[in-house]
Amino acid sequence: MAREQALLSTEIVNRGVEPSGPDAGSPTFSVRVRRRLPDFLQSVNLKYVRLGYHYLISHGVYLATIPVIVLVCGAELGSLSRDELWAKVWGEASYDLATVLAFLAVLAFTISVYIMSRPRPVYLIDFACYKPADELKVSKAEFIDLARKSGKFDDESLAFQSRLLAKSGIGDESYMPRCVFEPNANCATMKEGRAEASTAMFAALDELFDKCRVRPKDVGVLVVNCSLFNPTPSLSAMIVNHYKMRGNILSYNLGGMGCSAGLIAVDLARDMLQASGAGLAVVVSTEAVSFTWYPGKRRSMLIPNAFFRAGCAAVLLSNRRRDFHRAKYQLEHVVRTHKGADDRAFRSVYQEEDEQRIKGLSISRDLLEVGGHALKTNITTLGPLVLPFSEQLLFFAGVLFRHLFPSKASSTPPPGEEASAAAAPYIPDFKRAFEHFCMHAASRDVLEHLQANLGLRDADLEASRAALHRFGNTSSSSIWYELAYLEAKGRVRRGDRVWQLAFGSGFKCNSAVWRAVRRVRRPARSPWLDCIDQYPARMDA
């Protein structure tokens, strides 16, 4: 009970003056109880730290042995003079042609096997983000006005959505398909879904192929993710048909995997490139807003209406070494976390029908807590792979202390006193591991909790807040709008590491780490070009 109460916060909300009834003219107030994001650094599970170190050791043990061998051989050779070394090699040793040839053959074979067995690095050549037409722009006031005119919502539902919009962090220039506001019409039809998806996907792919100067027939792997709209034939088949791609293309369509599916698609494309040697892979991440739209009265299902907006991103990956010189980034790590075994996590984002059998996406009150636990697991596994050794040492020492002495670590200080340094958990400084952060732009509250728990600065989440303000929550493509923001600002330099973090239904939390292989200059085509100079000041207006 104490643990549950610690995750709750109360807020007194002024509801204004009562317009009618026995209390007309009197001010009214309500108490709102909210569940906050748990401090996952207070409860890090040691098994996830071990998992991260297992990844690190399994990949680094070979490199760790090389300096030891060099040191031993260097010490041995350093004790000999040049004449003594020459005498040992040529004077005291005897060689025959067969021995020399056998040694060279074994050496060549070993080097060849090593080179062939090494997974090729995966490069991000370029990406493109869909920018909808201006007639699809909708302000917060226009959103409520159009929703009222559609006749699908009562006053209470409209007031609830208005309050969500006011604190959402979304600006007045995000995009929505107009079909959702049509009076007495069902927008979630196959015709509307195909029209919305094809417009977004083809626009992003046209720009991508043009920027990269790649023919669609050259693509060997295609991965498309869209959570709620999954027609037959699939969206990936729609793309193959539209661009007349080759018959042996490896195509995949991911559905129902939420806002984190974009990084799952990247991970799948990487595996397919390394397994098949296909050369080029395209990842398309989008969402059909007309299928997230809910015209009912249940509040948990009205939440997606206020946050989700139209968007799409297309990414070109390659594992061909010759593409290194034109690539922007190299993929270093992908860490995936799935909490679906827990019933609360599984149902935290759940598509279902309400009492009137109207289909919608229900957002649970447990979402922030579930997301916090998933984030805890993900960053605890990712930490040993990316943090400097000094940060790893301090973090691991703190985790070990709390694991061995849980009573001391969890002891609550008396009122008015601060926790001791020994009891307080050490928060790793992720700013020492990454230069840029692309956190999924779900909402303003989520970004604020992430910033507080990870100890990040306002500048670190500038790209996430800007993407949320300008484009809204574009689901799995939001992290690419954020990376496009960083590029449009000209901030990505050679060697910089970018952390993309996304989370979604299931419940899943996924991370991808990219390293810039060159300085990324301000692109000539970007969804931010017409407004990039107005940010971040525009968010404060």
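All residue numbers here begin at 1 and follow the chain in the order shown.
Just so you know, glycine gets a Cβ as well, placed from its N, Cα and C.
TrEMBL annotations:
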- CYS259: active site (ACT_SITE)
- HIS338: active site (ACT_SITE)
- HIS436: active site (ACT_SITE)
- HIS440: active site (ACT_SITE)
- HIS469: active site (ACT_SITE)
- ASN473: active site (ACT_SITE)
- 114-402: domain 'FAE' (DOMAIN)
- 435-515: domain 'Beta-ketoacyl-[acyl-carrier-protein] synthase III C-terminal' (DOMAIN)
- 55-77: transmembrane segment (TRANSMEM)
- 97-116: transmembrane segment (TRANSMEM)
- 249-266: transmembrane segment (TRANSMEM)
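Sequence-distant contacts of HIS440 (active site), defined as residues of its own chain at least six apart whose C-beta falls under 8 angstroms from its C-beta, comprise CYS259, SER260, VAL446, SER464, SER478, ILE479, LEU501, ALA502, PHE503, GLY504. In this structure, of the active-site residues CYS259, HIS469, ASN473, the smallest number of CB atoms within 10 A of the CB marks HIS469. For the active-site residues HIS338, HIS436, the ranking by surrounding Cβ atoms (within 10 Å, all protein chains) places HIS436 first. In this structure the alpha carbons, written CA, of HIS469 (active site) and HIS436 (active site) are 19 Å apart.
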